[in-house]
Amino acid sequence: MSKVYDWFEERLEIQAIADDITSKYVPPHVNIFYCLGGITLTCFLVQVATGFAMTFYYRPTVTEAFASVQYIMTEANFGWLIRSVHRWSASMMVLMMILHVFRVYLTGGFKKPRELTWVTGVVLAVLTASFGVTGYSLPRDQIGYWAVKIVTGVPEAIPVIGSPLVELLRGSASVGQSTLTRFYSLHTFVLPLLTAVFMLMHFPMIRKQGISGPL
C-alpha cells in the first residue's frame with residue numbers, strides 16, 4: 001500500500017496539499033455561525049446524491065410525473081427515505097443559505113477585499129432559490145402546479161415584454177408539458193452545473209482571502 005501512496009506522492013505531492021489544507025490558520029473569533037456556508041454545501045451534496053437516485057424512477061411527463069413520485073414513495077426500495085431526505089435537506093439548504101447570507105452581511109464579510117466573494121455568494125443564493133421553485137413543480141401535484149402557475153405569471157405585469165417572458169418561462173401560454181420539461185432540465189442539469197461553477201469560484205476566494213475579522 002505504501003508503494004501505491006509513494007507513486008502518487010511523487011507525482012502529485014499529496015502530503016503538501018494535505019498540509020496546506022490542515023494547517024490553515026483559523027481566527028480565534030470564529031464560532032459555529034461561521035460553519036453555515038459549509039452546512040449549505042453539505043446539503044447541496046446530499047441533494048445531488050438523492051436527486052440523482054430519484055432520476056432512475058422519475059418520469060418528467062404531465063401524465064406520469066405524479067404516478068412516478070408515488071412509485072418512488074411506495075414501491076421503490078428505500079424510495080420514501082431518499083425522497084424524504086431530499087425534501088428535508090432542500091429545506092435545510094435554503095434555511096442555512098439565508099442564515100449564512102445574514103451572518104456575512106452582519107459581520108461585514110462583503111467589504112473590501114471580499115467583494116467578489118460576496119457577489120458569487122449572492123448568485124449562489126439566487127440559484128438556491130431557483131432550485132426550490134423548479135423542484136416544487138416536479139411532483140406535478142396541485143400545490144406544485146398552482147405554485148408554478150403563480151410564479152411564472154408574475155412577469156406578466158411587466159409592460160410590453162411581460163407576456164413574452166411568461167411564454168418563455170412556461171414554454172407556452174399555459175402551464176403544461178413544456179413547462180415541466182423546462183423546469184426538469186433546469187433543476188437537474190442547468191442549475192447544478194451553474195452552482196458547481198460558482199462554488200468553484202466562491203471557495204478558492206475564501207481560501208485565498210481567509211475569514212473576515214470581527215466587527
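Just so you know, glycine gets a Cβ as well, placed from its N, Cα and C.
Sequence annotations record features per position, and here Swiss-Prot assigns transmembrane segment to 32-52 (among others).
In the three-state DSSP classification, C35 (heme c binding site) falls within a helix. Counting Cβ atoms from all protein chains shown, C35 (heme c binding site) has 14 others lying within 10 Å of its own Cβ. The heme c binding site annotation in Swiss-Prot covers C35 and rests on sequence analysis.
According to Swiss-Prot, the feature heme b 2 binding site maps to H86, H187. Close to H86 (heme b 2 binding site) in the fold, though at least 6 residues off in sequence, lie V46, Q47, T50, G51, M54, each with a CB less than 8 Å from its CB.
Residues 33-34, 36-37, 39-40, 43-44, 47, 117-118, 121-122, 124-125, 128-129, 131-132, 135, 212, 214-215 of the same chain sit 6 or more residues outside the transmembrane segment (90-110) yet have a Cβ under 8 Å from a Cβ within it. As annotated by Swiss-Prot, transmembrane segment applies to 90-110 (among others).
For H100, H202, the entry in Swiss-Prot reads heme b 1 binding site, with the evidence type sequence analysis. Non-local contacts of H100 (heme b 1 binding site) by the CB criterion (under 8 A, 6+ apart in sequence, same chain) comprise L36, G37, T40, G121.
Annotation comment: Swiss-Prot describes 116-136 (among others) as transmembrane segment, evidence class sequence analysis.
Away from its own ends, the transmembrane segment (186-206) comes close to residues 37, 41, 44, 48, 51, 55, 114, 116-117, 120-121, 123-124, 127-128, 130-131, 134-135, 138 of its chain (Cβ-Cβ under 8 Å, at least six residues beyond either end). Residues annotated as transmembrane segment in Swiss-Prot: 186-206 (among others).
Within the same chain, residues at least 6 positions away in sequence whose Cβ sits under 8 Å from that of H202 (heme b 1 binding site) are T117, T120, G121, L124.
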